[in-house]
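First comes the structure, then the notes that go with it.
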């Protein structure tokens, strides 16, 4: 369970104290505040704060006072136009702050997105909890035979059992030794900043992560993609649900123009044009390599 | 006057509609919302939105749930500790969005601070207003004789009058021609993106500018400094007053550790130590160049 | 003419002194060093320094020693794969430093690309030159009637003449007054940081601009695009020619996958699939707005 | 040993092929190219490429052609002036690219410096090597009793032995199981992206890391500081030696104004002034908290 009773009590108390504000406010996001959406076996994502809404995107695009004139185009039309034409700055005018609990190996992928603010729980200063990610059986995938950084079928039978046993036992033993090493009971006790090095990458960490909507959508495009590792994709999907509630126009435009669409290369575009004229195009006549052609066919 | 009656009416309407929120809320900042603080002759700064407060800094530093435990140290003590030891990430967890009206030559200095989000009024798309910055007589400074990028005494008499006449007349003529060139009355009308090139750098522009507290304080340190150009310093000072209301603990720590303090070089520190031991230190025995020594003396 | 005889002499001297290096070196880029490519009437772009080459992209992608093993795939294939799948970090491993002379209104667009390092000629410290951008007759475009931020036909006849006269005369007068105001001959002389505000946006400035290849390609995608303002597009095109010489594999992949290709929305992709099956799709049955449909048609 | 014979042979071959270049070249840095400076038990830092030198800093600050006029001030004087007055952009005009091999827990601290480009060895794609950081006995420190994130004395006797045994045995067992899990010999074989989660944080990883001189010096200031964790400090120190060879003027200014100096708060500055006038100042009369006073005393 991601939250302890004390944490839940503290959160309940906070949910009971609304304050009046003149800022842009999204009722559906208020529902998310102080609630943790569970992800994986011990992780979660929760919205700590948000700034702006769909109107704020338009207001910034128009550099307007108050809510801005809406005579030229309605808000959704403007947002779709901005997304379609790669105008990124208006989307940067919305900001979100999340509290995330996640395995260290997921955190290591996540942090590659540099345009964000991060405060991570310090294992130099504090003692980490005994919580490790152990995959569900259907997430216990074999190495893909076609994609060097992908997954194949789920493992089965004895092999699956042995893997789970290794993951669990090694984590428990490592944590036992971690505790033993830092203990100052009858000994000096190893510095926390050193003892932590014994802990495996499936241990959970936590951080506050704050970013703007443009960079968040970029994160979602890469991490909610089917090629992303499953363990980060589930975080991206949980965040996507929150973004849908937060800025529904922007999220719908994002789905239409980024997630659901496709990028054609110059060669791909040329092939589509020839195919629309009735030509039978093959890989050999396409001007594409085999890999490109395979990807092109899967798009269509 | 920075706001038109229509703008004021729109803002008044917005100020009349508070909404309940569970987010961190600062009553003193709510007072700033939708109010423009006038700067220079036609400019202003107004808070459009804000995220976080002093507690949010501590909450992020502790990576805590809810408001976080306060047993270890109180919030102000923690904030002072973080500021003193150059911990920047907790301060990045607060964000502010401002609407600023400012002369173009000020905007050109301002934009050098790159870690921010900006939406500027588009002179490709829209027609600029006939508003130009004309300095007050006491801001009409001569070139400094000692500092190549500084100011000396205010100009006086005929020279001052001539300068003001040039600034006003050239601006008016440039704007007349701008209007004439873009007019499509009886002619094709020059593209706005071209016509704007005739306008001088004291014309006013507007933008939405959003940044986090850490980068905002860095901006204030450089731009509220006595060496900054007066015309950007007054913006920094106006923003400083808002930050004081927003995050009073952080602002006080900033004043103590950044604005009011001093940086000593290795040589400067060595001199202070020798002076505290009673030694008479001169520039010759200080190990400093004349410039460094002059700055060192002015600190003490 | 962009370079004075003294500048040319200095550059000639530098071109005569090659030094041996073990770093990645691109002979075609060495040809560009210390040569200014002229742009517009007084502007230029010149390569001051560069880091990396096509091999360096692959080396970083493989995190390899030396030149890295090339058994898995050849360099061009790897670069195309990286570009196609939006892997940005290997392209960030190449860096370029340019010296650019450009009109202020172009500089104001350019600086919106924030992920770069910039040192601009200081008009607080130094005196600007009397050099202004005056468009060629065929660049003297009217406002587009269909696109609020675009251009239509070139102006003709008396209208064109009047525009050129205004641009020239206003610039000359503004500069005369600038010189007169800063003069300390028989008067105090206005501070440079103030006097510059009288100068129009077609005056030339200069800067050193340094960025990595990934961000440079992003700049080129937006600024070499047909929707970009002509006056910045010519700079982007001049830089594009340099990049083609610098990293030919990466540039070709960029042309194929970014510049020459197309992005289809979910609705657009759906229409293509239906059209390939022989269906007659119209705007009404497309699920797209009129604007989207028009853009979709123009792609195909 | 950090480099295998094959790697060494490849590097030797590269060192034997200098090419002529017109770019800024630093002979002392050429010596570093393709040589790995060993750090910790299996780690290293090696310079892959560099851009610029001390002159390039000045050239950018002056926005000059060629080497720029040096009449106003000599290069070292200008660099010291820039450093003293916090001018950061000229230092951003130098860039360095390093190949670093480092334990994962060090990489996790390092990556918090976001203004850099990184390509890390992919454990989704590739198999990690069996190399783990095991501290030397004198680095096997106990937890500090005064500083929650610091170290005390080295562990001794049986306690030290037990810690080393745990670190070694747990690492070996985790790696044995990692190998066993990914093996496809007689079984499906677990996906690499999953199997890696069993590996502890003292395993070595590698990356290409590229940053500009300004951000590199900021990294050194924080990570070569005595409060930084020893295991990252040794990397910072190794890099510092390279920077000293690369840009000797800038590095000396950095040592004088950043590393060797001190920051005084407003209260600290006030105390120094009072002490210089002969007053006996105590913590009680200083206006500082106990923590601030202790730090103030340690500076003087």
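Cβ atoms are placed via backbone N, Cα and C, with glycine included.
A quick note: this is a predicted structure, and the numbers were derived from the prediction, not measured.
Feature annotations, reproduced from TrEMBL:
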ACT_SITE  B:223  active site, involved in ionization of N3 of dUMP, leading to its activation
BINDING   B:89, B:112, B:113, B:114, B:120, B:212, B:213, B:214, B:218  FAD binding site
BINDING   B:109, B:110, B:111, B:112, B:120, B:121, B:122, B:123, B:124, B:196, B:223  dUMP binding site
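Every protein chain considered, the tally of other Cβ atoms within 10 Å of the Cβ of residue B:213 (FAD binding site) stands at 26. Comparing Cα positions, the residue listed as 'active site, involved in ionization of N3 of dUMP, leading to its activation' lies closest to B:109 out of the binding-site residues B:109, B:120, B:124, B:213.
Contact annotation for chain C: of the listed recorded positions (B:89, B:113, B:213, B:218, B:223), none places its CB atom under 8 A from a CB atom of that chain. The Cβ neighbour count for residue B:89 (FAD binding site), using a 10 Å radius and every protein chain shown, is 21. When Cβ atoms from all protein chains are considered, those within 10 Å of residue B:113 (FAD binding site) total 17, not counting its own. Each residue contributes its Cα atom, and for residue B:124 (dUMP binding site) and residue B:218 (FAD binding site) these two points are 32 Å apart.
According to DSSP, residue B:120 (FAD binding site) is assigned to a strand segment. There are 18 other CB atoms within 10 A of the CB of residue B:124 (dUMP binding site), with all protein chains counted. A coil conformation is recorded for residue B:113 (FAD binding site) in the three-state DSSP classification, outside any helix or strand. Counting only same-chain residues six or more apart in sequence, the Cβ atoms lying under 8 angstroms from the Cβ of residue B:111 (dUMP binding site) belong to B:118. All protein chains included, residue B:223 (active site, involved in ionization of N3 of dUMP, leading to its activation) registers 22 other Cβ atoms within 10 Å of its own Cβ.
Listed binding-site residues (B:113, B:120, B:213) with a CB under 8 Å from any chain A CB: B:120. Looking at residue B:218 (FAD binding site) and residue B:109 (dUMP binding site), their Cα atoms lie 14 Å from each other. Between the alpha carbons (Cα) of residue B:122 (dUMP binding site) and residue B:113 (FAD binding site) lies a span of roughly 20 Å.
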